Amino acid sequence: MRLIWAKYKYKLLIFLSVLGPSVITTMAGNDGGGVITYSLAGAKLGYSALFILPFLILLYAISQEMGSRLAIVTGKGLGDLVREGYGIKIASFVFILILLANFGTLLTNIAALKISGEMLNLPVIPLMIGAIVMSFLLLTKSSYEKSQKIFLTGMIFYFAYVFSAVKGNPDWVESVKSLVIPKLNFFSKESFLINMAVLGTTITPWGQFFVQSYMKDKKVLIENLGFAKIESYFGAFIAIFFTFFIMLATAATLYVHNVPLESGEQAAQAIRPFAGEFASILFGIGLLNAAIIGMVIVSLSSAYAFTEFFGFSGSLDEPFNKSKTFYRIFLINNIIAALLVITPFFPLFKIVLYTQSLNAILLPVFFYYILKIINNKELMGVNTNTKFYNILAYGAAILIVVASIITVLVGILS
Amino acid sequence: MIYFSELKGKDVFTEDKIKIGKIEDLIFLASEKPNVSKLVVKDPTDKRLIIPTSFLKKIHNSILIGKEFETSELVENELYLVKNILDKQILDLQGNKIVRVNDVLLQDKDGFYISGVDTGLLGILRWLKLEKYFIKFSNYLHLKTSSSFLSWADIQPLELSRGQVKMRKDEKKLEKLRPEDLADYLEKTNVVNTNKILKMLDEKFAAEVIGNLNINFQTSLFKQFNPEKAAKIIELIDSDDSVDILLTISSKKRDQIIALLNSTKNKEILHLISLSKTPIGELISTEYFTVNPEETINDVINRIKIETADFSSLNSIYVLNKEKQLVGVFTPHELLLQDRDTPVYKFMIQNMIVIHLSTPVEISLKKMFKYKLATLPVVDSYKHILGVLTSDDAAKFMLNKLP
């Protein structure tokens, strides 16, 4: 087993190094908050939770592809385009929303970091400090190319979920069947709400923002637009591929044994008695990695937003001195979030809920601008959406918006 | 001076008070002197009228245009301010992002043209109508707020029509600038660079630019010039300024230069230097009042009441920037003509007549009378104010000279 792993690890690394922004963004979408939501879905709905996944790939692929196309054709981030097209007032408004919403997502990631620390029996505060210092050094000391490689390598840890799921002895035939044939409990109210939450944690404003900024920094030539398209589709596929295993890990254990659950955090922690010590540790490592990647990428998207909207120099490729504002935002965001998470009595889940509502408000705003800009002939030339694609995109946008609004309403009402 | 953020959305009236619409955009010539040629006015039915600025009667407070105005079209070489400059990213020559254009500065004295772009935080706050509060708040905390500007001289107009706001470095284009602007621009670089650029210009224009530089730059430059070159430049610039410069360099080099001058200039300069025996330092007073550019008229009046109570007189108010450099001046009369909440930088006079400690008394007095000024600031080579020469001091000096 180890020999096979050693043999393929190298090939896998090369394969991953060809990929870039879309894959990093979509994989980061399986962040701490994402993993927790997916585990909850698996634990509550069992194999039925898997039915939504093929559909999710489609939506994810479309939204990611539009973001990376905008970046390659215009050479600008979403922040640049909104500021230049719609002026400072709208830009400031959107910026404040995204800053708050991202801060909420950052909180969930640091909370996930804490949970993974508890699962792995690691001291929480040193773990947080270590994670923040490490990600800061990673961003300040390395170039775009290097940081991208590190992100991609970090994704190997997502295989922890695959092993964790395998250890739980799932019913493989059943799970594959569930992807195409809906089970009876898919049509329940509980299932609907959980599926909405899954959708809302997968397709996010920060993900949309990040893929475009990161792609812009990569300076991909317009000739390679076709390749970038494939990359977006592949990114969506690979991210949901791992989502499949996260759901499977809890479906095969917690759902099958009918363990009553209140929240996603419990789901992650309740695996141990059923899947065994090793699987539980793997799951913890996966969550730890997801939380750190989430922390880095979400704060980066805040920093990108700031520099794009207000035009201060900011890019991963610039040395620390030139991009001070960029990195300062990163650091301040993380430190405040960490302090809040370790504060006893801090109403973390209430705050997270409110900031998730902001995500839901932002997503329609983002899709409005994305669709408007991507269909602007002056900016996009021949690369505007085709009619068919527009129908798909508008359909996806409306669905995502409805999903996020319902999620928020339910959260507030319950 | 006026900001575009202050014009956008403002109502436009004809002279007989009929409302035409609101200012939506401005059209300007993409050239070294970016004259604003047309206003884009959105009428109540959302139609856009393009009105040449030749019909513009008044721009401050309310915008008035002539009764019989005609509309026009965008022509070649013209660009829209909103579409082509505002909110755009400024790139340096390598194409790196530097800053964003947050606001555009318009000059309405001697024509109506774009003088530069605001790239600072205040530019953003101005659009959000928060500038005033922010300045008040930072004054309250005793923090100095400062604006960041880029002069039009730093931007390549040609790149604008290609959709890019790019910094300029192509030094050949510099001759098309006004000597004052170029001098300001050069003072931001260093002496070596300045000398390099001056060498590319024709002599007359270079001399004009040198005349507009500060004394520190002038002295350093003359130290580098050989006597022949220095003499040529001396012949081209104002005698009073020349004496100022000559007095700061070594007497050996000074004599060499003077020997090379033509006879009329030679006589004039020698005469002025012979007058320079009285040091100005004995004459100047340190009783002067300074403000910073962001203070409002209200602030200034309140401070005058408190801080100048024991002054013998107050004829000029000096404006210092964050680095304590003298950047403007105005008289109490000019102050009283303004609205209460106008900030100082909007009306101060930036083109100033100054003297130095090395300036002979006679030349200082000549300058004072020639430009009909009640006071003259004495500054050092860093533009820091050392004192003022007042007309009272001048009168005292004259009185002693009279038989």
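Here the Cβ of each residue, glycine as well, is placed from N, Cα and C on the backbone.
For reference, TrEMBL has these:
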type	residues	note
TRANSMEM	A:12-29	transmembrane segment
TRANSMEM	A:35-62	transmembrane segment
TRANSMEM	A:90-113	transmembrane segment
TRANSMEM	A:119-138	transmembrane segment
TRANSMEM	A:150-166	transmembrane segment
TRANSMEM	A:192-211	transmembrane segment
TRANSMEM	A:232-256	transmembrane segment
TRANSMEM	A:281-306	transmembrane segment
TRANSMEM	A:326-345	transmembrane segment
TRANSMEM	A:351-371	transmembrane segment
TRANSMEM	A:391-413	transmembrane segment
Are the transmembrane segment (A:281-306) and the transmembrane segment (A:192-211) close enough to be called in contact, which here means at least 3 C-beta pairs under 8 A that are separated by 6 or more residues? yes
With an 8 Å cut-off on Cβ pairs and a sequence gap of 6 or more, do the transmembrane segment (A:150-166) and the transmembrane segment (A:326-345) reach 3 or more such pairs? no
For the transmembrane segment (A:391-413), what are the same-chain contacts with Cβ under 8 Å, counting residues 6+ beyond its ends? 58-59, 62-63, 66, 193, 196-197, 199-200, 203, 353, 356-357, 359-360, 363-364, 367, 371, 385
Contact set of the transmembrane segment (A:232-256) with the rest of its chain, CB cutoff 8 A exclusive, min separation 6+ beyond the ends, reads 19, 22-27, 29-30, 34-35, 38-47, 49-50, 53, 56-58, 60-61, 64-65, 67-68, 158, 161-162, 164-165, 168-171, 175, 202, 211, 267, 270-271, 274-275, 279, 283, 286
Taking A:35-62, A:192-211, A:326-345 as candidates, which has the most Cβ pairs under 8 Å with the transmembrane segment (A:90-113)? A:326-345
Closest-packing stretch to the transmembrane segment (A:119-138), where packing means Cβ pairs under 8 Å, from A:35-62, A:192-211, A:326-345: A:326-345
